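The (6S)-5-formyl-5,6,7,8-tetrahydrofolate binding site annotation in TrEMBL covers Arg21, Glu77, Lys116, Lys447. Per TrEMBL, the feature domain 'TrmE-type G' maps to 212-371. The GTP binding site annotation in TrEMBL covers 222-227, 241-247, 266-269. Positions annotated as Mg(2+) binding site by TrEMBL: Ser226, Thr247.
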Amino acid sequence: MNDTIYAPATGAGRAAVAVVRVSGPRAALAVQALAGDPPRPRQAALRRLAHGEVALDDALVLWFPGPASYTGEDAAEFHVHGGRAVVEAVLEALASEGLRLAEPGEFTRRAFENGKLDLTQAEGVADLIDAETDAQRRQALGQLGGALSQRYDAWRELLVQALAMLEAAVDFPDEELPEDVAARARPGLEALEAQIAAALVDASRGRRVRDGFRIALVGSPNAGKSTLLNALAERDAAIVTSTPGTTRDIIEVPLTLGGYKTLLADTAGLRETEDAIEAEGVRRARAWAAEADLRLWVIDAAMFHVKQNNELSVLRSGDWAVVNKIDLVDAYRLEELREILAAQGLKVIEMAARKPDGAEEARAALTSHVVEALSGAEFPAATRIRHAESLVEARTYIQRALSDVGLEVELAAEDVRLATRALSRITGRIDPEDVLDRVFSSFCIGK
Ligand SMILES: Nc1nc2c(ncn2[C@@H]2O[C@H](COP(=O)(O)OP(=O)(O)OP(=O)(O)O)[C@@H](O)[C@H]2O)c(=O)[nH]1
Ligand SMILES: [Mg+2]
C-alpha cells in the first residue's frame, strides 16, 4: 500500500495563504490529529489547527475522500496563513504523525497511477504550472483537458478495428469469410497514416509554443546585432561598442511576441579570425543559428559588400535580411542593397536600430511572423519530442502493414499491433488485452 505523503502546494515565502496537501491511506488520521473529525467531503470548514497541546493556526480544512480526489486516494488540504513559521509548524506536525514529504510530482504521479489522468494530461499539468505566455497556457490547458488523449485514443480505436479484420483473416482462413476481409483494413490504415503525417507537422509547432520560437541575430562584426537585440529587449542586455568582435558568447533574451514565447539570441559577428576566443564565439553562433526557427541577417548598410555573401551559408530560405544603419546611406545605395538582397530570396527590413523606436518595424514584422507560424498549434498538437518519436514509430509500422496487407496478413497484423503499442506509449496506456477483446466481440464470424 502507498504511504501517506504531504507537501506545501504553494510557493515558498511570505504570502496571505499557503496550502498544505496530504494524500494517502492515513490522510483521515492526519486530519483527525490536527483538526479533529474530517469536515464534510469537499466543503471548507474553519478549524483551529493544533498538534497535541500546541495551537498551530486557524485554517480552512478540506477533506476529499478517495476515489473522488485529485490523486484518487483519500486526500486533504489545509489552507493556512502563509507565514513561514505557520507552514513549517504544520509540516512538522504532519511529519511527526508518520507522514512522508512528497517527491516532486508525486501527487500527479499517483493521479496517473490511479487512472485519474493519462500521461499527456499529467504533462499538461506540468506545462500549465510552467506556462509564462497565453499561448503556452492555452496549449497546456487543452492537453490537461484531454485534447491529446482523445485524439490518440481515437487513433488507437482505428488500429484496433483494422487489427480485428486482419486477425479474423489469420485465425479463420478456411471459414466462410468474405474474401476481402483483410483488404477491408486498408482504408482505415491509409486514413490514419495521413492523419499522423499531418500531426507530425503540427508537432513541431506544438513544441515551439511550449519551448519558445527561436530567433538568431547573425551577421558581420559591427553590423548592429547587439544594438538590435537591446532595442527589441528594451534593456541593455548585450554590450555595444564600435569595436568589431565585441560579442563572443550567445546572449539569449526571452521575448513575448503576440502572446507567444520567443527566444532571441545575439551572436558573435561572423568572420575568419586568429583569436581563439572569438573563433569559438563564431562556432557557437553558427551552431545556434542552425537550430533556430528564423535567422535575421543583420547588415551594415554603409559597409555591406557583395563578398559578405559568404555569410549566406548560415541562412535558409525564408530568413530575413535586416539592413541596419540606414541613417548613414542615401536612397540610391538603399535601392541597390534592396535589389541584391531580394535577389537572394530574403525578406528585407530596413532600420536604424540605434534610433529611438528604430526597431519597431522589425518588432511588428516579427510579431506577425511568429503569430502566423504558431497559431492553431494550441489544439491539439503533440507537444514533446517523446510524442513525436512515438508518432514516427507508429507511422512506420502502419506503412509497413499497408505494404504487407495483400501479401502476408500475419505480418501486417503484427505491424498494426506494434503501431498500437507505440500510440499507447504516448498516453501511458499499454493493455494489449483489450485488443483481443475487441477482436472477438466486435467481429461476428457466424459461429
Ligand atoms: N549610425 C548608426 N550606428 C549604429 C546603428 N546601430 C548600431 N550602430 C553602431 O554600430 C556599432 C556596432 O554595434 P553593435 O550592436 O555592437 O554591433 P554588433 O553587430 O553586435 O557587433 P559585434 O558584436 O562586434 O559582432 C556601435 O558603435 C553602434 O552604436 C544605427 O542604426 N546607426
Ligand atoms: Mg555584438
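Just so you know, glycine gets a Cβ as well, placed from its N, Cα and C.
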Three-state secondary structure, which DSSP defines for Arg21 ((6S)-5-formyl-5,6,7,8-tetrahydrofolate binding site): strand
Contacting binding-site residues for ligand 1, chosen from Arg21, Glu77, Lys116, Asn222, Lys225, Thr247 when the Cβ sits under 6 angstroms of any of its atoms: Asn222, Lys225, Thr247
Using Cα positions only, nearest of the binding-site residues to Thr247 (GTP binding site) (Arg21, Glu77, Lys116, Ser226): Ser226
Residue with minimal Cβ packing [other Cβ atoms within 10 Å] among the binding-site residues Asn222, Ser226, Thr241, Thr247: Thr241
Number of other Cβ atoms within 10 Å of the Cβ of Lys225 (GTP binding site) across all protein chains: 31
Residues among the binding-site residues Asn222, Thr247, Ala268 that border ligand 2 - Cβ under 6 angstroms, in sequence order: Thr247
Cα distance (Å, whole number) from Ser226 (Mg(2+) binding site) to Lys116 ((6S)-5-formyl-5,6,7,8-tetrahydrofolate binding site): 49
In three-state DSSP terms, the structure that Thr241 (GTP binding site) belongs to: coil
Of the binding-site residues listed as Asn222, Ser226, Thr241, Ala268, the one whose CA lies nearest the CA of Glu77 ((6S)-5-formyl-5,6,7,8-tetrahydrofolate binding site): Ser226
Neighbourhood of Pro244 (GTP binding site), C-beta criterion under 8 angstroms, separation at least six: Ser220, Pro221, Asn222, Gly269, Arg271
Site with most surrounding Cβ atoms, counting all protein chains shown within 10 Å, from the binding-site residues Arg21, Lys116: Arg21
Which same-chain residues, if any, lie at least 6 apart from Ala268 (GTP binding site) yet have Cβ under 8 Å of it: Pro221, Gly245, Thr247, Arg248, Asp249, Glu278, Gly281, Val282, Arg284, Ala285
CB contacts for Glu77 ((6S)-5-formyl-5,6,7,8-tetrahydrofolate binding site) [other CB atoms within 10 A, all chains]: 21
Glu77 ((6S)-5-formyl-5,6,7,8-tetrahydrofolate binding site): secondary structure state under DSSP, collapsed to three categories: strand
Collapsed DSSP category at Asn222 (GTP binding site): coil
